[in-house]
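Over in TrEMBL, the protein carries these features:
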- 21-40: transmembrane segment (TRANSMEM)
- 23-448: domain 'Major facilitator superfamily (MFS) profile' (DOMAIN)
- 63-84: transmembrane segment (TRANSMEM)
- 91-110: transmembrane segment (TRANSMEM)
- 116-137: transmembrane segment (TRANSMEM)
- 181-202: transmembrane segment (TRANSMEM)
- 228-248: region 'Disordered' (REGION)
- 266-291: transmembrane segment (TRANSMEM)
- 303-325: transmembrane segment (TRANSMEM)
- 332-353: transmembrane segment (TRANSMEM)
- 359-378: transmembrane segment (TRANSMEM)
- 390-412: transmembrane segment (TRANSMEM)
- 424-448: transmembrane segment (TRANSMEM)
- 451-542: region 'Disordered' (REGION)
- 468-478: compositional bias 'Acidic residues' (COMPBIAS)
Amino acid sequence: MGRPDPEEGQLPAPLKPPDGGWGWIVLLGCFVITGFSYAFPKAVSVYFKELMKDFHVGYSDTAWISSIMLAMLYGTGPVCSIMVNQFGCRPVMLIGGLLASAGMILASFTTNIIELYLTAGVLTGLGMALNFQPSLIMLGTYFDKRRPLANGLAAAGSPVFLSSLSPLGQVLLEMFGWRGGFLIMGGLLLNCCTCGAVMRPLDMGMKRKMGKAQDKYEAKEMLPIGGKSEEGISTTDGTKKGKKAKKKPKKGKKLLDFSIFSNRGFIIYTISKFILVLGLFVPPILLVNYAKDTGVPDTEAAFLLSIIGFIDIFARPACGMVAGLKWVRPHVAYLFSFSMLFNGLTDICSARASNYTGLVIFCIFFGISYGMVGALQFEVLMAIVGSQKFSSAIGLVLLIEAFAVLIGPPSAGRLVDALKNYEVIFYLAGSEVVLSALFLGVASYCCLNRGKKEPPPENNPTAGGGSDTEEAESDVQEAEEHSSDNHQPAHSTDNAVAVANEEANHVAEEQGGEGGGCPAGDGEVLVRDGCNADQMVERDSF
């Protein structure tokens, strides 16, 4: 009782997210992965004119390359979840980096547009998907208190890389042509393998340290009198084998956990996110053409996207810092709802902008609101389902978003062709975003009030990481049972008490007990026969 036992109640403690240390390296890797995943499909568009000349195809045909990349990024979410749950984050990211790089390298040798779809579209898109999702999972593993800030900093990789990869692609195109540019871009994507290599599993190093400390402690406590080291080592080894044998049946893990659909918060989040994606990406896609139709020169029209990207770079980390405040974090879902409402109202209010000044003001406010949405979207999901189920949750959410991505922007483009009016499209897109914000805010508020009125069930994990607590409690209970079966005599160092313990064990054997210490339920009787009173009190406290 004097010293903390690594087996009793303290197993989950070393697995607590460090909120720093190696986590900052993981954050850097996540920053790079997020930048490549979101910016690369857009940066490839600088090669489209050359591809149209070489393959004699139209703009819509080449645009399918970026669309396929995004579809793979979103649509393969469940596949990524299954692979992460089966093999872990690091191996999946290493394979993804190789696939992404191989896709662009092979694309540089293609001879028709179909081959480009299969290489740059499918293969590279799949590789980036296998990197993006595990990087977010590892970020949630390494950060808890600072997780909102970490998510904001990682999300800032998207605008930073977009503002870097597009000019770089233009330079490579002028110097080496599109084939040379694709080849060099493929080499750059090998950095995803480097980012995957730094994604060290948190529990691996912790469990090794804990196991060594546990072995030393057990050997020291079980052998208060020297001279029987071999016996102590064999006992310790037997203890470890017994513990592994106990944990084997528990280790069965679901490849894709569909139980998250029983979480009302997850259902609300998924529906609101689907409605959000229908209108979120429409304004930046149509903005340049809209500006040109109002008489803005081409160079100034293209600069509007740079304004959004520049504001976005600072908006995401700033929003992450705000979301991490003690009085804000419990209500992060409402902050996310506010950011969506802000974004939707920006679209609606700017629909009548008819000059360049009005479009610049729109870009400033859109960049702020868009950055807030990007910084909070995965933080809210982590808070709802917890880190244990996040790998399955993000895969299913991305799959549902894939349908919205394939419906929203193409439908907006068709409406523009039919109506020849951008104003209606901005109203429609803004209304969809506002609807998603209102649905998330109102539904969350109703569920929150309902949860306050109803007493929470004892074994039902609450939103925001209940599954982690449940896992920790099961580990503590297992450690306690194991300790009570094998290590009860270890707390006594007095020779007289040791002799009394042996007599108590003989009595327990005659009564049909297991003889490893104080049987459960008989503690009060055996105390008088020599069982250490501290052991009984410690068991009762659990």
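Any Cβ shown, glycine's included, is placed from N, Cα and C.
Taking residue pairs at least 6 apart in sequence, the transmembrane segment (116-137) and the transmembrane segment (21-40) share three or more C-beta contacts under 8 angstroms. Scored by C-beta pairs under 8 angstroms, the transmembrane segment (303-325) has its highest count with 359-378, from the stretches 332-353, 359-378, 424-448. Only residues 6 or more beyond the boundaries of the transmembrane segment (91-110), in the same chain, are considered here, and those with a CB under 8 A from a CB of the stretch are 33, 36, 80, 83-84, 116, 119-131, 134-135, 179-180, 182-183, 185-187, 189-197, 199. Within the chain, the transmembrane segment (266-291) has long-range Cβ neighbours (under 8 A, six or more residues past its boundaries) at 260, 300-302, 304-305, 308, 333, 337, 340, 343-344, 347, 356, 359, 363, 366, 370, 373, 377, 380-381, 384-385, 393, 396-397, 400-401, 403-405, 407-409, 412-413, 416, 422, 425-426, 428-433, 435-437, 439-440, 443-444, 447. The transmembrane segment (116-137) and the transmembrane segment (424-448) are not in contact, since fewer than 3 Cβ pairs between them lie under 8 Å (pairs 6 or more apart in sequence). Long-range contacts of the transmembrane segment (390-412) within its own chain (CB-CB distance under 8 A, at least 6 residues past either end) are made by residues 67, 70-71, 73-82, 84-85, 133, 136-137, 140, 254, 256-258, 260, 266, 269-270, 273-282, 285-286, 378, 381-382, 384, 425, 428-429, 432.
Taken together, the residues in the domain 'Major facilitator superfamily (MFS) profile' (23-448) have a mean pLDDT of 84 on the 0 to 100 scale. Annotation: stretch 332-353 has the most Cβ pairs under 8 Å to the transmembrane segment (424-448), among 181-202, 332-353, 359-378.
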